[in-house]
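Visitor: When I checked TrEMBL for this same protein, it listed these features:
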DOMAIN    25-231  domain 'Cytochrome b561'
TRANSMEM  21-42  transmembrane segment
TRANSMEM  62-81  transmembrane segment
TRANSMEM  93-114  transmembrane segment
TRANSMEM  134-157  transmembrane segment
TRANSMEM  169-190  transmembrane segment
TRANSMEM  210-230  transmembrane segment
């Protein structure tokens, strides 16, 4: 009864209503993005394959990067605001778990792109484009951010005042890595369209080219929504009683 009353009051908050609408829109945008990338590589680039066919193996790269390094990464950023009534400790573990899933998919995506270059005949040079430089930079930022966040916020023994001091940096570099991933994905999408959409050419805007552009627009919209939802002060998650109890318990243990 009390929960229902609390929920009713929360539902009357205009900011929370706006957040829910935008959060659902973000999820629909992200899922549509994934479906369209799958459609793009399936209908126009032959689908997926293994190392015996480097061109088809490459197609895992945009698919897994879209799922892991954009969609899951974005959702890990929003997890605290999207599930605001869940205990913070549970959210921390979920946040870390989503990051692990994103990291695994990203590593597989990187392996497939290096394989597709090294196993091609003749081999294709690696790490020469701006896309590859920014992409690898985003992966490094993501990885360092995960290690630092795990040590600071999940490992036992770190004083609360240190965690409070590190939180702004954690938030900033999390968003910076996400935006860098979006920028790299846009470059990679354009690069793929220019090199692979050739008959008819990308400049004539065939179906494959239009689909690539639509996917790029969805990348931008998804990224913009994630950043807005994560930084708008009105949408900030309010502490629940369980969070206060956990904080007091941590202070006593220290």
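Any Cβ shown, glycine's included, is placed from N, Cα and C.
Whatever TrEMBL says is automated annotation, not expert-curated.
Quick one: where do these features end up spatially?
Guide: Here the transmembrane segment (62-81) has long-range neighbours at 19, 23, 26, 30-31, 33-34, 37-38, 40-41, 48, 88, 91, 94-95, 98-99, 101-106, 108-109, 112, 138-139, 142, 174-175, 177-178, 181-182, 185, 188-189, 192, 219, 222-223, 226, 229-230, 235-237, meaning same-chain residues at least 6 beyond its ends whose C-beta is under 8 angstroms from one of its own.
Note on the transmembrane segment (134-157): residues 69, 73, 92-93, 96, 99-100, 102-103, 106, 110, 127, 163, 166, 170, 173-174, 176-177, 180-181, 183-185, 187-188, 254 of its chain, located 6 or more positions outside it, place their CB under 8 angstroms from a CB of the stretch.
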Visitor: Establish whether the number of Cβ pairs under 8 Å between the transmembrane segment (210-230) and the transmembrane segment (93-114) reaches at least three, counting only pairs separated by 6 or more residues.
Guide: no
